[in-house]
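*Asks:* These came from Swiss-Prot, pasted as-is:
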- GLN37, PHE38, ARG39, GLU40, LYS41, ASP72, SER110, LYS139: 4-amino-2-methyl-5-(diphosphooxymethyl)pyrimidine binding site (BINDING)
- ASP73, ASP92: Mg(2+) binding site (BINDING)
Amino acid sequence: MKDTLKLYFVCGTVDCSRKNILTVVEEALQAGITLFQFREKGFTALQGKEKIAMAKQLQILCKQYQVPFIIDDDIDLVELIDADGLHIGQNDLPVDEARRRLPDKIIGLSVSTMDEYQKSQLSVVDYIGIGPFNPTQSKADAKPAVGNRTTKAVREINQDIPIVAIGGITSDFVHDIIESGADGIAVISAISKANHIVDATRQLRYEVEKALVNRQKHSDVIK
C-alpha cells in the first residue's frame, strides 16, 4: 500500500477550471500518479446519474493505467460500480461500518491531530491521510494546517501504517514531507490547476521518488 500512495491525485469536476476532468485525469495518469480519488463536492458538483456516469468514465481510465480508483465519502457509489476503495473523513461513515460493507476494498481515513489518530479504529483502514499540511482552498471545510507535526508524531509510535500527506502541497515541500515519515503526497490543485498537467505531475513524482531514496539512504547510514 505504501508504494501506491507515492503520488495520490484527488479531483472532482469543480477542481478543473482549465480542462475537462477526464482530460486532466488521463494526463495525470499518463504522467505517473499512483492512486486517484474522485472527490465530487461543492456547489456545482455532479449529482445522481451524472455523478455515477462520470465515476464510471474515470474508473475506466484508471483501469487502463492500472491505477486504483478511490471514491470519496460515497460508499453506495463504491458498491454500485465496484470501485477499488473508499476514502472517509472523521465525520463521515464510521470506519468499522465501511469495512463491514467493503471487506476487500481499500479504505482510507483522514486524520488531522494525534487526538483523532488515537480515537480512530485504525485496524480496519489501509492508510491514513494526514493534513492539511498547508492552508488549502480546495476544501471549504478544511481544518487548520498541521504541517509535519502529526505525521512525525504518528511515525514515532507506528512504523507500519501507510501515511499520505495532503493539503496545499507543492513540489517545494515534498522532501520535508517524506523526511517526516509520510509515504507519499496527495494533491488537488498542484495537478488540476497546473498550466502543464503532464509536466507538473512528472515533477511531483520525481520529487517523491528522490525524497524516498534519500530517506532510505539516511536510514541505512543510521543502521
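Cβ coordinates come from backbone N, Cα and C, glycine included.
Provide an account of the burial state, proximal residues and distances for the features listed.
*Replies:* If you take the C-beta of ARG39 (4-amino-2-methyl-5-(diphosphooxymethyl)pyrimidine binding site) and look for same-chain residues 6 or more apart in sequence within under 8 angstroms, you find VAL10, CYS11, GLY12, ASP15, ASP72, ASP73, HIS87, ILE188.
All protein chains considered, the CB of ASP73 (Mg(2+) binding site) has 17 other CB atoms within 10 Å.
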*Asks:* Give me the CA-CA distance between PHE38 (4-amino-2-methyl-5-(diphosphooxymethyl)pyrimidine binding site) and ASP92 (Mg(2+) binding site), in Å, as a whole number.
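*Replies:* Here the two Cα atoms are 16 Å apart.
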*Asks:* From the Cα of SER110 (4-amino-2-methyl-5-(diphosphooxymethyl)pyrimidine binding site) across to the Cα of ASP92 (Mg(2+) binding site), what is the distance in angstrom?
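*Replies:* ASP92 (Mg(2+) binding site) to SER110 (4-amino-2-methyl-5-(diphosphooxymethyl)pyrimidine binding site), Cα-Cα distance: 10 Å.
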